[in-house]
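Q: Annotation source Swiss-Prot lists 5-amino-6-(D-ribitylamino)uracil binding site at Y11, T42, F43, E44, C68, V69, I70, M101, citing sequence analysis. What Swiss-Prot lists as (2S)-2-hydroxy-3-oxobutyl phosphate binding site is E73, T74, R115, and the listing cites sequence analysis. Under the heading active site, proton donor, Swiss-Prot lists H76.
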Amino acid sequence: MSKILIVNSVYYTEIANLLLEGATDKFKGNNIGYEIIKAPGTFEIPAAILFAVKGKNTNYDGYLALGCVIRGETDHYKYVCKGVIEGLNAIVMHHAIPLGMGIITADSKDKALIRADKNKKNVGGHAASTVLHMIDLHNKLK
């Protein structure tokens, strides 16, 4: 059985809960073990995953990043999005780990809620499917 580390940003609690529900439903349906840790914001997700990758007492088959960044009135949105995507990409490229990225970037909370809801866009569920696919691919190519 595969074991996944889910790093869930809790900055937008309602969205975080929806993302997590979509992801864990996918894992339960596939008999996948998982552990959940909370990051204070989406920007902190890459660091949390790197802590686990470099940790001596962790043994995960894959990683799932769940979070949301909503556009505001300043450039903060642009820099957070760029930092998160580049941070996750660097970890994947340097450590060759299976990762699913369920990071919602949206212009409004309403749009983010639609993307997070498992009965609508289900970003969390799709990201969970991605990490499972990447674990299979990783195992085939090792």
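Yeah, the Cβs are placed from backbone N, Cα and C, and that goes for glycine too.
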Q: What does DSSP assign M101 (5-amino-6-(D-ribitylamino)uracil binding site), in three states?
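A: Once the DSSP labels are grouped into three classes, M101 (5-amino-6-(D-ribitylamino)uracil binding site) ends up as strand.
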Q: Does M101 (5-amino-6-(D-ribitylamino)uracil binding site) have same-chain partners at least 6 apart in sequence with Cβ under 8 Å from its own Cβ, and which are they?
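A: Listed in sequence order: A65, I85, L88, A127, T130.
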Q: Which three-state DSSP class does V69 (5-amino-6-(D-ribitylamino)uracil binding site) fall into?
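A: V69 (5-amino-6-(D-ribitylamino)uracil binding site) sits in a strand per DSSP.
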Q: Measuring Cα to Cα, how many Å separate V69 (5-amino-6-(D-ribitylamino)uracil binding site) from H76 (active site, proton donor)?
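A: Rounded to the nearest whole number, the Cα-Cα distance is 10 Å.
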Q: Of all the binding-site residues here, T42, T74, which one's CB has the most other CB atoms within 10 A?
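A: Per the Cβ count, the most surrounded site is T42.
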Q: Fill in the CA-CA distance, E44 (5-amino-6-(D-ribitylamino)uracil binding site) to E73 ((2S)-2-hydroxy-3-oxobutyl phosphate binding site), as an integer in Å.
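A: Checking the Cα atoms of E44 (5-amino-6-(D-ribitylamino)uracil binding site) and E73 ((2S)-2-hydroxy-3-oxobutyl phosphate binding site) gives a distance of 21 Å.
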Q: Please report the distance from the Cα of R115 ((2S)-2-hydroxy-3-oxobutyl phosphate binding site) to the Cα of C68 (5-amino-6-(D-ribitylamino)uracil binding site), rounded to the nearest angstrom.
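A: The separation of the Cα atoms works out to 10 Å.
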Q: With the (2S)-2-hydroxy-3-oxobutyl phosphate site defined by the record as E73, T74, R115, how many Å span the farthest pair of C-alpha atoms?
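A: Across E73, T74, R115, the two farthest Cα atoms sit 23 Å apart.
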Q: In sequence order, which residues at least six apart in the same chain have a CB under 8 Å from the CB of F43 (5-amino-6-(D-ribitylamino)uracil binding site)?
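A: For F43 (5-amino-6-(D-ribitylamino)uracil binding site), the qualifying residues are V80, G83, V84.
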Q: Got a sec? Which of these binding-site residues, C68, I70, has the most Cβ atoms within 10 Å?
A: C68
Q: Between all pairs in Y11, T42, F43, E44, C68, V69, I70, M101 (listed as 5-amino-6-(D-ribitylamino)uracil binders), what's the biggest Cα distance, rounded to the nearest Å?
A: 17
Q: Reduced to three states, what secondary structure does DSSP give T42 (5-amino-6-(D-ribitylamino)uracil binding site)?
A: helix
